[in-house]
Amino acid sequence: MEMLQGLLLLWLLLLNVGGVWTSREPLRPLCRPINATLAAENEACPVCVTFTTTICAGYCPSMMRVLPAALPPVPQPVCTYRELRFASVRLPGCPPGVDPVVSFPVALSCRCGPCRLSSSDCGGPRAQPLACDRPPLPGLLFL
């Protein structure tokens, strides 16, 4: 009986660390690069430009303590950049002296880890998607 309990415990541990879990289709999409449409604008320029880039999104395994009162909170991992590069779009119609170039990150690979406010928005889902205050301009002007 003890051997059976040991095997069951080993199987559950493997399932938890991903050995068995990742070999099958997960219930939720794991952290990975996905295409997303974003918007860029500048207060001094007359239009908003929408563009498609690759962002990190998806599920990261997390834990929650059952008895949280006496222990500090467990840091929750977020889906964030592992590798990225930067691309740019040019906002048309900007007056002289205003930089029309807006740079944005392009996710090359993603990972689950602590949120770095220097490169990620860790605020969670929004009630409304990020949108432009200015009229949108169809079409992309990549540099």
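Yeah, the Cβs are placed from backbone N, Cα and C, and that goes for glycine too.
Of the listed residues CYS112, CYS115, CYS122, CYS132, CYS112 is the one Swiss-Prot pairs with CYS60, by disulfide bond. Of the cysteines listed (CYS31, CYS45), Swiss-Prot assigns CYS45 as the disulfide partner of CYS94. Per Swiss-Prot, the disulphide partner of CYS31 among CYS79, CYS115 is CYS79. The Cβ neighbour count for CYS48 (disulfide bond), using a 10 Å radius over every protein chain in view, is 17. Note: the CA-CA distance between CYS31 (disulfide bond) and CYS115 (disulfide bond) rounds to 13 Å. Here the candidates are the recorded positions ASN35, CYS56, CYS60, CYS79, CYS110. The one whose C-alpha lies nearest to that of CYS94 (disulfide bond) is ASN35.
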